[in-house]
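> Before anything else, here's the structure in question.
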Amino acid sequence: MELDRFELLTSHTYTTVITSRLQVHLQNLRPILSILFEGRKHQLALLGLLDGSVYTLFELVLLLGLVFTKSPNFHPKKWYTPLLSSVAISGVLSLAWNCFFVCNIRATVKATLWFTPILTISVGLFIILYGKSVVLVLGVPLVVFSIISALYGWLYVINKHAFTFRMMSISTGLLPARTRAIAVGSVIISVFYSAFLVAGIGGATATRTRLDILFIFILVISLAWTMQVLKNVQEVAISKATYVYFRRVEFMNACDALGATLKNQLGSVCIGSTLLPLIVLFRGSIRCTNLQDGCDDDQDIYTSTRGCYWIANHIILRGNRYGFVHVGAYNKGFVQASSDTWKTFRTVAGFEQLIDFDITSSICFYSAMGIGAISALTAGIWELLIQKDHFFELTIYAFIIGYFVGRVSSAWLQACVMGYYVAYSEDPQSDIFDNTIPQRIERQNIEKAKRESENRVREDEDEVITHL
């Protein structure tokens, strides 16, 4: 009788808390909805609406887990400890990678390109060996992806190392003041935010209902989008300070640029964070198709009018990462800024091909994948040793969190290179720039002429054979 009364009281208290939270949330939404269509304020209003919804969802899911945790297979200490530890490790590794990069760019980048595929293959094999037949759907593709990335990092981009190392050294040679402080602070914020959402995911895992699976999916999407925003806010602020130096020879504090970004450009950053991953995915697919067709450069993307190539050539005007430079420097919208920067690139002969020749973005991606792989192995092996039931999901959660923390930690590097390229494209004759880019463009032209000559010779030989 006492037990039934306690369960009834608990259920009543739970219902009361849920109802009150929803009422408060609806009251908070009224001022947000009232300004949804008032000029540029609608962007920030939409951001507040989304954050408020995710925060309320987190509270509800966590409360569900705390009230109804009766699953015999879920033990909070055994579930939270490995995952939260892997989140902390991802933060430490991200800061360590930045320190190694500052000390020795070349050695750090080479180690990243070599060891990341090995680590990701290890994660895939770990899932295949110890997971059930269902999880092989993720383990096998991860191994295949790791092999492809190994071929890319070890063979395909070797000829691009020297130029990329040089551009990194030049663009980061004189960092804007407080850049490192922003990078470290962003990593710390990303770690705490990830731990915050881990608590919500754990609460949903404890109840194990179909609705909770939806909650977990929404929380993971929220994590990915928020990390994208955090990364891109850094890129806008730091690229602005870098651009101002190389364009106007003026020194700008990165913290001042960050304050202006949070105050004036947050809406454009959110829009860019949504559009850019989709555009990059589509254009990357076109470039992979280009390679499979036997073309060893991206010239077809810029000159062809055929189908997907034409789309890839025009969609880049609607969204590219270099647009973030003008978002910060001139307070433009993301689409307009992307269009202006890429059109400026096209005014400099061979500059588009040079931009794609640079592998800075690939290096940042590899570093994040490596950090995610180490985090995944930490959480997965730990959980496998103490409780096998949840090792697969903890491995996946740790990998996702580690990857995004790694992306946030390397945003400052991408921002410096972006600011340098945009500043150069607007005034290539400035005395502040050396001859690194002109020499690379000249070499591109020589290589292009050589390929065209070889193709003509090959075509002539084929015609002779056909005639005979």
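The backbone N, Cα and C atoms fix where each Cβ goes, glycine too.
Unlike curated records, TrEMBL annotations are generated automatically.
Note that this is a predicted model, so its numbers are computed, not measured.
Residues annotated as transmembrane segment in TrEMBL: 44-67, 79-100, 112-130, 136-158, 179-201, 213-230, 363-382, 394-423. The region 'Disordered' annotation in TrEMBL covers 448-468.
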> Other than its close neighbours in sequence, what residues sit by the transmembrane segment (363-382), given a CB gap under 8 Å and a spacing of at least six beyond its ends?
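Tertiary neighbours of the transmembrane segment (363-382) are 81-83, 85-87, 89-90, 93-94, 97, 109, 112-113, 115-116, 119-120, 122-123, 126-127, 149, 153, 164, 391-392, 394-407, 409-411, 413-414.
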> So if I exclude everything within five residues of the ends of the transmembrane segment (112-130), which remaining residues of that chain have a CB under 8 angstroms from its CBs? That is, six or more out.
97, 136, 138-143, 145-147, 149-150, 153-154, 157, 363, 366-367, 369-370, 373-374, 376-377, 380-381, 384, 388, 391-392, 395, 399
> Per the definition of 3+ C-beta pairs under 8 A with sequence separation of 6 or more, do the transmembrane segment (213-230) and the transmembrane segment (136-158) touch?
no
